[in-house]
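Q: Okay, handing you the structure first.
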Amino acid sequence: MLQGQSDHLKERDPESGRFRSLDAFSGSLAARTYLSLREAILDLRCRPGEPLRKAEICETLGISRSPAAEAIARLAAEGLVEVVPQAGTFVARFSMDEIREGAFLREAIELAAMETLAPAITDEQLVRLRRNIRVQEALIEDGDYAGFYKLDREFHELILSFTGYRKLIQVAESAWVHVNRARRLVLPVPGRVAATLDEHRAILKALEKRNPELARKEMRDHLRQLMTFLAPLEKEHPDLFEPKKSNS
């Protein structure tokens, strides 16, 4: 079994902590606090709907309330937490509308990237993508799910970076943030990790052929395949999603 395939939503050992040490990040104190909290939210160590208490953050990370407040404000602007007056701060629940919108935007970005990159990709860039996929293969063989997830993300970031547009990764990440969090419920599905690797191989082959139409098709199929797994999540995990609004 791949490491990390156990249910992300099981009860946690309270001694394990939810937030990674700030030493693992770079930047100002507030920036590192933000990155630690953001990682915990995206990894589902902080469940959707859970309270995010400043006292716990300050005690766990050894910081004052000021950087914690600044980090929470950034997370709220990103839509990852909800600040409720007189009630506190809560990890944002999933919204299927936001997930679909994020997937739509990410697809538009990545298909445009494939069309631009495919006819112009260099041999060195292809070597880097092949190397990435070889590491993906090794991580699956070793059962390292967390490692595979990082290489999956790097694969897409390489493609975006090869276009030469410096802000593209940042824009794509912003569009993808809610999908990125929700897909943590999906990747542990048996066979999905192996299927993701096969889809990456197909994308690479299309780029090796320098065929823009084929490259777009393979990327589109890859991204839409993920959405077929995400679509049922609202019924499977209703407690993690925003309540449906009444039409009355």
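Indices start at 1 and increase along the chain as displayed.
Backbone N, Cα and C define each Cβ position, glycine as well.
Per TrEMBL, the features are:
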| type | residues | note |
| --- | --- | --- |
| DOMAIN | 27-94 | domain 'HTH gntR-type' |
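Looking at the shown structure, what environment does each listed feature sit in?
A: Confidence across the domain 'HTH gntR-type' (27-94), taken as the mean pLDDT and rounded to a whole number, stands at 95.
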Q: By DSSP assignment, list the helix, strand and coil residue numbers for the domain 'HTH gntR-type' (27-94), in that order.
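A: Split into helix, strand and coil, the domain 'HTH gntR-type' (27-94) gives 36 helix, 10 strand, 22 coil.
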